[in-house]
Amino acid sequence: MSTKATLSPDAYVAAGTPLIVLCAVFVALRCLMNLRVHRKLLIADYLSWLGFAFVTIAFSMNDIIIQRFVSPMDSLNWLNRMAVVITVLIAFELWTTKVPILLVYVSLFGIRKWLRWTCYACIAVSGVAYICVMAPTFMRCNPSITAATLEDLEVCTTGTTLTGVLSGFIALAEDVLIFSLPMPLVRTLHLPRQKKLAVMAVFFSGILGIAASIASLYFKWSAYKGTVSDTLATMLCAVIEGTIAIMIGCASSVKQFWSTMVHPLLPSCSPTRHQPADYSSSSMPQQSRGLLRYKKMGVSEVDLAPLQPERISGASQNPLPSSVVGLISV
């Protein structure tokens, strides 16, 4: 296998560290806003922290692994074990970083059964798929071996690279689904054009995640075929993919933090009062049931901040049911 290093360790650390820090800020703001509203953390918050932990550990471990590759003959046993650990870690990272986005979709558009069940199916199927694609690694790597040779490490590498390619295809398919799933509903929202563009921009930021998935898959495929083996570039793409997914899931909370806690403090901003939405009496029970159902699912109205219409004249003028309309009228 030929090796072509396109990224130095210093560049890897310099590029990944700001992403890790920014991602931590986004997750912290998400939790802050949910604590402010509900006085507790919800399921999506814990999953965001878990995904962030996996991304951070993977980022740190790969830097250590690269240092060990300087003299691999002295670390064969350790590298053989770490190959299995890092494969499992990346699989769980890919899953936990995307689940919060799907939960946001459930909170936004869960009243549409087809979208709600599609999100749940994606969560379940992708979780099972990530577990299944670890099979080549477990079949070709023996982490309990006490006297690993270079040949053992090469065989193990073929398993980890195959797992990387398969998980890369799954992640790319999931990113495409996450990107395209809400678009038909977003286009039908009765919002001013400026707000509709802002909402679509949040969802279109998933293009960055798709681009990172494609780049990561390219390096994984090249490593599997034996043409290029650049661990740092591959892992940096995985870090970019994971952090972008987490930040997309937290974007609505960050937007609400800005509009409710930062924007009113700016000197040029005068306090304004939002007029409550005009709901008919018949829609209120449905709204209450919708709120209760969403809170039980572990998602909150904090996730709905990007969808704030300036004026909703009536439930019949919005294609979404009143339970969702009530949530987006913060």
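Keep in mind that glycine also has a Cβ here, set from the backbone N, Cα and C atoms.
What TrEMBL records for 29-258 is domain 'Rhodopsin'. Marked as transmembrane segment by TrEMBL: 12-29, 41-62, 82-105, 117-139, 159-185, 197-219, 231-251.
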Here the mean pLDDT of the domain 'Rhodopsin' (29-258) is 82
Proximity verdict for the transmembrane segment (82-105) and the transmembrane segment (231-251), three or more C-beta pairs under 8 Å:
yes
Report, as numbers and ranges, every residue of the chain located at least six residues beyond the transmembrane segment (231-251) whose Cβ falls under 8 Å of a Cβ in that stretch; write 'none' if there are none.
5-9, 11-12, 15-16, 19-20, 22-23, 26-27, 29-30, 44, 48, 51-52, 54-55, 58-59, 62, 65-66, 69, 90, 93-94, 97-98, 100-101, 103-104, 164, 171, 175, 202, 205-206, 208-209, 212-213, 215-216, 219-220, 223, 306
